[in-house]
Amino acid sequence: MITAEKKKKNKFLPNFEKQSIYSLRYDEMQQWLIDHGQQKFRAKQIFEWLYQKRVNTIDEMTNLSKELRQILKDHFAMTTLTTVVKQESKDGTIKFLFELQDGYTIETVLMRHEYGNSVCVTTQVGCRIGCTFCASTLGGLKRNLEAGEIVSQVLTVQKALDETNERVSQIVIMGIGEPFENYDEMMDFLRIVNDDNSLNIGARHITVSTSGIIPRIYDFAEEDIQINFAVSLHGAKDEIRSRLMPINRAYNVDKLMEAIRYYQEKTNRRVTFEYGLFGGVNDQLEHARDLAHLIKDLNCHVNLIPVNHVPERNYVKTPKDDIFKFEKELKRLGINATIRREQGSDIDAACGQLRAKERQVETR
């Protein structure tokens, strides 16, 4: 729930007349009802309408009194996302470009796997981290999303899956933006979708990825929630990582590893390192050896990413043979590594690419 204190702390939050009803955690809904002279058991009914029956309006909540429905309408908005573009890949991946109520656009991706349907959500409109391989940073950061706007991405995809009796089984927070720069809203989102009264998506089926905002890694280590944790690494040495990710100049590799070790000491959970392979930059066997040396004492997994070509950036794809050699070298050195299956390569599946294309059209 967005309070005055939250708005003061997070200057990039929107200033809507009404906040999204999807921004309230279950405990916040209970307290809000009590504060407004209602019985807190109504929270269970409201969450059932929102997340199980997935209604589009408060008026459809027919087991609530007209008085309570009116109170809810007076205070909250039912966040809706308008689908501007929907691209479907031959492998079943679907990329959505959604328009928010203030006209900004965000991306959400549905990925189909043998083990279920995974949704990749966005946490910010744009991004200010400045990764040199990512289209998301091209327009800078416009604003943060409310928790309810992040929840609505999952719900909108789930409603589409309802037509074929499928469900969202996994969530990855790897879309546009840096989740740890919108930390409180991200954490509210996690607690909402993980709640038994909501979408009930298991914590171990949710992954959050950061570019390495070190203060928030320490905060995340203290959270009582077993969410999977991934770090975008892309380079084992400062020279290469700073070239790819300018954030490394503020939070270098040594400091990042120190924070990750603290996280593991506190949680005893495995960390995934995302390592995008960029032709001629970080994809040689010497780079694999540097990576293995850096993380050899950690409980971790390396996810090797054959990077989609992004026309807005100048990096090229690493040849398949070199990708396999890189993986083989890591395994030889005792590192658990896999190559991410390419999905959506025939659509604008690189992060921020579809949004960037639409922005070009708008400004012509």
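Using N, Cα and C of the backbone, Cβ positions are placed for all residues, glycine too.
Swiss-Prot lists G177, E178, S232, L233, H234, N308 as S-adenosyl-L-methionine-binding residues, and of the candidates S169, S198, S209, S242 the one it assigns to that same site is S209. Between the C-alpha atoms of C120 (disulfide bond) and S232 (S-adenosyl-L-methionine binding site), the distance comes to 15 Å.
Each of the recorded positions C120, L233 was scored by other CB atoms within 10 A of its CB, and the lowest score goes to C120. L233 (S-adenosyl-L-methionine binding site) falls within neither a helix nor a strand when secondary structure is assigned with DSSP, and so counts as coil. Taking a C-beta cut-off of under 8 Å and a sequence gap of six or more, H234 (S-adenosyl-L-methionine binding site) has these contacts in its own chain: F133, I240, R241, L244, M245, E274, Y275, G276, F278, N282.
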